[in-house]
Structures are given as structure tokens and as C-alpha cells.
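In what follows, a single structure is set out as C-alpha cells and then discussed.
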């Protein structure tokens, strides 16, 4: 996905709205004054006058609309790394045991040499041992904001008749991590989120959150493989998740597996037999199918 960001005046804004009137779409972002989608490209005009075009045909649409795309205008492709970027990623949402760790990190081009020397990459490609070695160095060097939602708190917030579902809770966590990082005075040229839902769905859930920021977002699938800032967040978040999983296991006297496979079913059934449902409320995400599978194992 390509992203174009530029500043336009009131006259050009009015002309743009007229040109794209047949392609208007709704946006839940309170900072967006006008939104449209044409030829697969999403166009967002912010109240500040910032215009964002997102999609593989962003350049072509900009030319069609006669937009002033100068050399100074930022153009980001999947592997663009030459600007200051905030990248956000989460770990733990697919694991029955453990909480959800969300991290937003700010990477400046001057950090690239340091990151490449460390061998920073998508945390999914790195061993847990390597992650546990690299993460403390990243935490010390790279401005970031970490959030950890414990399983106990997760179960209070997520589920039937609860305030959040599995998607909206991640929207809330990503938004808060980025918001808090921006509050530290960070000034990125781009904010990238590893896409876990569509932009429209993200903005729908975002509407009920208290904290907001005007900066436009880029949603990129497998962003940790394309942006160093997201890769950094992925590593720090993975380490935070692993530490939490280990601590929960120590508290209960069991080694808790990552993931949501049969190993999780087995350990969950053992916890149920030893301590009852309260142990899973403390250590696991109850709405996962593993809970019922663990209960079924007890009856065999």
C-alpha cells in the first residue's frame, strides 16, 4: 500500500470535495472533514488541511485530481524507512493463556544502523531467546509506550454483555499506546498499525474511546515485515507477553503454553482440577474455545 500525505488550502479542498462527491464514504474519525474512496484509494481530508491518499493507486489518483504532489511530499511504500515513524503491534491476542501486550515505538532514520546491527526483524521470525536478549536493548534506546492487559482484566472487559469484543479491545489498546507516546512530544511523519481489521471497522470502534489524536494512520498487513518501527514494537511486545506468561505460570505452579492448541486445553483442565475456574479467570482468556475443551477433558 502506498500513502501520500500533503497539505492543501481551502480552495483546493473545495474543488477536491466536488470532484470526489460521487465517491464519498463515511468516516468515524472526528478529525476527518471529508472521506472518499475511488479506484481502491481511500482519500481522507482532515480538518487541519492535511490530505491523505492510501492505496496502491495513490499516485495515479493524485495526478487525476491534479494535486500538487511535489518532491517534498511524503510518499510511503511498504518498505519506506527514510522518515520518522511510529509503529504499533500487539502480541498475545491469539494465545489462550497470558494477557495482551501492545507497544507503540518511534523509530527515526538515525536509529536504523543500531537496529540493523541488532538484527531487528519481525519477532515471529526470532526465537524467544533472541527476543529476550534484544528487547531490553530496544527498550533502552528506542522511545516507546508499552501496555499490558492482564487476563483477569481482559475477562472483565471482553465477552458477551461486556464493553468490548476481541477486536474493539485491540483498537482501544493500540489507540492508547500511540496516544501516550505522542503525549511525550514525539513527532512522527507516519503512524503505522499492523492491520488486524479494516480501517473503517477500526474507526467505528475508535469512536467510543476517550483519547484521540489527529495524525492519520496507515494500516498495513504484516507491517512488522515492512517497517522497522513495527518490528521493534513486535519484539518488545513479545518479550512483555512472555514475561507475563512466565509470571502467571509461576503464580499457579504450572508452565503455561503459548497459543491456543491442545497443549493449552490440557493445562487448563489441570488448573480446573486443582484450583477451579478462578485459576482460568486469572490466567486465560475465557471466551476462547479452550475453556469448554478443558471442561470436557475433566469429564473423560
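A Cβ is built for glycine as well, from the same backbone N, Cα and C atoms used for every other residue.
When 9, 194, 215 are compared with the divalent metal cation site residues 89, 90 in Swiss-Prot, the one appearing in that site is 194. Taking the centre of the Cβ atoms of 89, 90, 194 as the divalent metal cation site, the nearby residues of that chain (Cβ within 8 Å, site residues left out) are 88, 91, 102, 103, 174, 193, 196, 223, 224, 230, 233, 234, 237. Taking each of the binding-site residues 89, 194 in turn and counting other Cβ atoms within 10 Å of its Cβ gives the largest count for 89. Cβ-based neighbour count (10 Å, all protein chains) for residue 90 (divalent metal cation binding site) stands at 25. Averaged over the domain 'RNase H type-2' (83-300), the predicted model has a pLDDT of 93. In the three-state DSSP classification, residue 89 (divalent metal cation binding site) falls within a strand.
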